[in-house]
Amino acid sequence: MRFGLNIDHIVTLREIRKTYEPEILEALFIAKNTHKVDLITIHLREDKRHIQNEDVLRLLEISPLPINIECSINAGITDFLCSLKNKPSKVTIVPENRNEVTTEGGLDCSLKGLGEVIRAYHNKGVEVSLFIDPLKDALHFAREHQVKQVEFHTGVYANLHNALYSNANNQIHAISALKDKSPKELKEELHNAFLQLRKMSKEAFFMGITACAGHGLNYSNVKELLKIPSLRELNIGHSVISKAVLVGLEKAILEMAQLIKR
């Protein structure tokens with residue numbers, strides 16, 4: 001299983017104060033020196049709430065690890081990434097809403113202009129991945145557009161797992177739709193969410209598409225996904241950075257890697 005580390009929230013801390021620290025390149029090399037991280041993931045948002053264009057340029061210039069850039073189909077973002085001399089190892093196209101706190105679901109594959117953006121990256125020799133819900137129609141869209149990799153949105157699975165097996169439902173930001181569900185209901189829905197991820201990962205494999213997954217994964221809920229043999233990569237960020245605030249980035253990475261790479 002490949003471990004993709006999302007370091008957006010290193011930059012979130014910097015941007016809160018509009019200052020120079022923490023340094024994203026220091027985070028990059030801490031990750032690299034653990035010898036456990038396979039790629040670095042960043043999300044270049046339209047609103048630039050964390051990662052900036054300059055961060056992209058600096059990372060691509062010196063990173064010893066592959067860089068996966070998440071982005072929308074915004075024309076300005078697409079033009080910027082297609083113009084880069086140093087190319088990312090892949091671009092993962094994600095849905096984006098300026099009012100969202102974080103990505104809320106998989107990509108709408110009927111989105112106008114999506115096919116053109118995929119072709120633009122392919123024409124520049126950049127691998128494309130699509131961040132999708134684990135649905136067959138989305139996989140068929142990927143295959144029709146010669147997309148060789150997808151990342152399944154694991155938010156539904158992760159939220160259900162957290163509601164059932166942690167104190168998430170008692171926290172200030174508890175998900176209202178899950179608070180009133182019984183443990184039996186949560187367990188059944190969690191089981192179904194896992195089965196859907198497993199089924200679509202297998203479907204992707206038979207289509208010749210590499211299946212990755214991410215969103216909301218943490219030290220507790222990630223373990224079950226390791227039982228899906230056709231999943232090849234997990235992208236995890238917020239949970240690792242949250243633990244890093246308390247124990248340090250290196251230790252937080254190593255603890256996650258111990259779970260993923262056992």
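Using N, Cα and C of the backbone, Cβ positions are placed for all residues, glycine too.
Record features (Swiss-Prot):
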BINDING   ASN6, ARG17, GLY216, GLY237, HIS238  3-amino-2-oxopropyl phosphate binding site
BINDING   ASP8, HIS9, ARG45, HIS50, THR102  1-deoxy-D-xylulose 5-phosphate binding site
ACT_SITE  HIS43  active site, proton acceptor
ACT_SITE  GLU70  active site, proton acceptor
SITE      GLU151  site 'Transition state stabilizer'
ACT_SITE  HIS215  active site, proton donor
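Features per Swiss-Prot, on structure.
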| residue | record | Cβ contacts under 8 Å, 6 or more apart |
| --- | --- | --- |
| ASP8 | 1-deoxy-D-xylulose 5-phosphate binding site | THR41, ILE42, HIS43, HIS50, ILE51, GLY237 |
| ARG45 | 1-deoxy-D-xylulose 5-phosphate binding site | ILE51, CYS71, SER72, GLU96 |
| GLU70 | active site, proton acceptor | THR41, ILE42, HIS43, LEU44, VAL91, THR92, ILE93, VAL94, PHE131 |
| GLU151 | site 'Transition state stabilizer' | THR92, SER129, LEU130, PHE131, ILE132, CYS212, ALA213, GLY214, GLU233, ASN235 |
| GLY216 | 3-amino-2-oxopropyl phosphate binding site | THR154, GLY155, TYR157, ALA158, ASN159, ASN162, HIS238 |
What is the Cβ neighbour count of HIS43 (active site, proton acceptor) at a 10 Å cut-off, with all protein chains included?
23
Mapped DSSP class for GLU70 (active site, proton acceptor), helix or strand or coil
strand
Recorded positions compared (ARG17, HIS215, HIS238) - the one with the fewest other Cβ atoms within 10 Å:
ARG17
Indicate whether GLY237 (3-amino-2-oxopropyl phosphate binding site) is helix, strand or coil by DSSP.
coil
Taking just the CA atoms, what is the gap between HIS9 (1-deoxy-D-xylulose 5-phosphate binding site) and the residue listed as 'active site, proton donor' in Å?
14
Residues near ASN6 (3-amino-2-oxopropyl phosphate binding site) in space but at least six apart in sequence (CB under 8 A):
ILE40, THR41, ILE42, HIS43, GLY214, ASN235, ILE236, GLY237, HIS238, VAL240
Once the chains shown are all counted, how many other Cβ atoms turn up within 10 Å of the Cβ of HIS9 (1-deoxy-D-xylulose 5-phosphate binding site)?
19
What's the CA to CA span in angstrom from ARG17 (3-amino-2-oxopropyl phosphate binding site) over to HIS215 (active site, proton donor)?
26
Roughly how wide, in whole Å, is the group ASN6, ARG17, GLY216, GLY237, HIS238 that binds 3-amino-2-oxopropyl phosphate, by largest Cα to Cα distance?
25
